[in-house]
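Trainee: After the structure tokens below, expect a handful of questions from me.
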């Protein structure tokens with residue numbers, strides 16, 4: 001399918017190496033990509049994908065090797081130089097300024113000017129045009145970024161990148177924060193861009209996206225370029241094997257036989273503002289219950305309400321038959337309820353990045369390792385060692401800053417922190433987002449182990465495969481309510497999608513379409 | 001000093017401390033070169049001189065200790081000057097054995113009020129504590145306006161500030177005691193760890209079940225108590241309390257904390273750094289005046305030292321991270 005495009009590649013790297021304080025990030029990489037094609041880059045976290053695109057986008061400079069764009073050698077010292085040469089990157093870490101409007105953000109690097117001042121109207125029109133191009137006409141260019149959902153922000157980010165007229169667009173995990181609806185939109189946009197002759201580098205941990213979108217795939221491992229091949233040349237299993245360098249036997253741990261369990265966490269008619277409209281749900285000891293549905297149907301709010309973060313929640317919550325709605329996370333974690341929450345964004349809500357791994361592990365349970373008013377060094381060392389061993393966190397020294405770990409290991413720290421509090425109820429908010437395949441599987445196994453030790457687990461995921469593979473039961477939410485529950489073999493992708501769109505029970509469906517705020 | 005910088009296994013948090021400790025030695029060396037050249041002696045290295053400097057440093061050191069708790073949270077306490085003054089004035093007004101408890105109670109109240117405003121009303125600390133400082137000043141002027149309250153320090157206050165044990169000023173012991181308590185809180189208690197965690201990222205700390213509001217209130221209370229104690233000692237040292245006695249302490253206290261390596265936006269810094277920062281500032285002032293530097297030059301050098309040291313820290317942090 002790539003015949004006729006055998007012209008010289010748009011961008012070409014040869015012999016590129018990059019070291020960060022002695023540690024190899026990339027070594028001897030030869031890589032090329034062309035216009036009018038979608039090229040996937042696959043690899044575990046730490047495989048060198050991010051470094052590769054940072055070099056191409058001018059964020060960091062290669063130590064050795066050359067970068068050629070359209071036949072001319074380049075050495076970008078900043079992203080704006082790369083943009084001038086036609087390479088623009090949509091970064092995984094959102095780069096929008098929350099207190100500025102959508103229009104301001106889209107034109108931030110080069111606003112349209114009139115008499116030297118920013119021409120607000122031209123800027124707004126430009127934003128409207130770009131948003132229309134990615135089929136996001138419903139985003140108001142005057143809205144502040146902070147008022148948009150994560151998914152919409154990501155769309156704005158893409159619009160911003162398109163505003164620089166890229167010849168090569170790099171998308172780094174650009175779909176990981178998107179709702180299913182926006183993912184569909186992005187697919188269409190990418191197809192259109194491809195037809196217009198734009199080249200794209202696409203980094204994603206979601207295999208089915210790569211399968212659906214990309215023409216060419218390149219696999220990286222440990223800072224080296226392993227192989228590049230056309231779509232369809234290799235099976236999924238072969239690709240995964242190339243990525244991790246070993247075979248994968250089971251993707252998900254086996255589920256225990258379904259049994260009827262006494263509810264441990266029981267939620268009755270939970271309401272909060274207009275986001276939760278009477279949620280009733282129960283999770284038994286040793287059970288993994290999934291939360292499904294489209295993004296923004298109240299799943300996150302439900303988890304936050306159960307953890308005591310939201311004010312003004314009405315309804316009834318009991319854990320082991322006792323207690324009420326927690327008044328704060330400290331209340332939820334302590335006392336009898338012993339609830340833990342693994343939050344959505346590990347970098348801002350889960351971790352204190354500059355602090356040490358040990359301190360991050362202990363931050364929720366200093367009371368447990370204290371003797372009187374003082375922290376007992378022996379006890380805390382032991383707790384840290386146990387946590388690291390239990391989750392097999394790969395680290396150098398526990399005193400290193402947690403920021404030095406890879407994404408997957410950072411997420412393990414967040415989970416280990418809560419395991420140290422010995423929780424009876426675990427609330428997980430999309431814990432595998434942006435994590436490599438190997439670590440994902442470790443987390444699935446861990447969830448099952450915890451359930452086998454009688455922990456009640458409520459697990460929200462945007463990935464249907466995870467819900468199907470991990471959960472004993474799945475409750476699908478729509479417009480702040482649970483519309484359907486599935487258990488056992490009834491948990492299928494078709495059933496989940498149908499329930500998420502609320503097409504099984506049209507009589508209950510509210511008239512308006514629930515758009516994330 | 002160059003050797004210190006290249007030591008292996010030095011954590012980035014320790015670098016500012018090593019640099020400022022090195023700078024203390026440089027100040028002493030330069031001062032001694034000057035005195036040898038002009039007087040032929042080295043009075044700067046005599047125990048007597050150094051003890052006097054530490055005694056002067058004790059007041060600043062106690063203020064800075066409390067200030068550090070607040071700065072570690074990413075906040076600031078600008079109410080320190082008039083907390084010091086109010087504590088001292090109320091203590092001398094009451095007099096007798098109740099004087100010191102009264103002064104500390106003032107510090108406690110101001111700290112609670114500051115903490116409440118910042119943690120619960122969510123008013124930025126820079127604004128709220130500035131307002132509190134002004135209110136306290138008004139109250140103190142009202143207090144002395146109609147009549148002349150008793151303003152002489154009690155014997156105990158004088159003893160703590162100006163007396164000596166075995167030739168060592170008692171104030172140094174007080175400073176040491178405060179330092180040990182604060183250092184222990186910061187490094188060995190759950191409250192101390194909670195301060196670092198909250199200063200690093202309040203949202204993540206809150207979601208880890210830390211009662212972040214209590215932590216903020218606690219830090220402001222400690223700052224208020226430290227300021228009050230420093231005010232009491234200062235009154236003891238000058239034998240009386242007077243308007244504006246705390247004014248000279250606010251900015252040097254902040255400077256000492258920051259020179260000692262505490263991040264002004266919170267979350268990072270070691271207590272020993274603040275102690276070194278205090279010593280550096282006190283010695284710098286003293287040596288410059290011994291060198292008979294005119295006031296203008298002194299202020300310029302003092303300001304430049306702070307700016308240059310922070311520039312150096314910024315560079316080294318980039319290299320190490």
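Placed from the backbone N, Cα and C atoms, the Cβ positions cover glycine too.
Values in this document were obtained by computation on a predicted structure and should not be read as measured data.
Just lifted these from TrEMBL, have a look:
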type     : residues  : note
TRANSMEM : B:15-37   : transmembrane segment
TRANSMEM : B:58-78   : transmembrane segment
TRANSMEM : B:98-121  : transmembrane segment
TRANSMEM : B:165-186 : transmembrane segment
TRANSMEM : B:214-236 : transmembrane segment
TRANSMEM : B:248-265 : transmembrane segment
TRANSMEM : B:271-288 : transmembrane segment
TRANSMEM : B:300-317 : transmembrane segment
Trainee: Count the Cβ pairs between the transmembrane segment (B:271-288) and the transmembrane segment (B:165-186) that lie under 8 angstroms and are 6 or more residues apart in sequence, then report whether there are at least 3.
Mentor: yes
Trainee: When you check the transmembrane segment (B:98-121) against the transmembrane segment (B:214-236), do you get at least 3 Cβ pairs under 8 Å, counting only pairs 6 or more apart in sequence?
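Mentor: These two stretches do touch.
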Trainee: Between B:15-37, B:58-78, B:248-265, who has the most Cβ pairs under 8 Å to the transmembrane segment (B:300-317)?
Mentor: B:15-37
Trainee: Of the stretches B:15-37, B:165-186, B:214-236, B:248-265, which racks up the most C-beta pairs under 8 Å with the transmembrane segment (B:58-78)?
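Mentor: Stretch with the highest Cβ contact count: B:214-236.
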Trainee: As a test: from B:165-186, B:214-236, B:248-265, pick the stretch that has the greatest number of Cβ pairs under 8 Å with the transmembrane segment (B:15-37).
Mentor: B:248-265
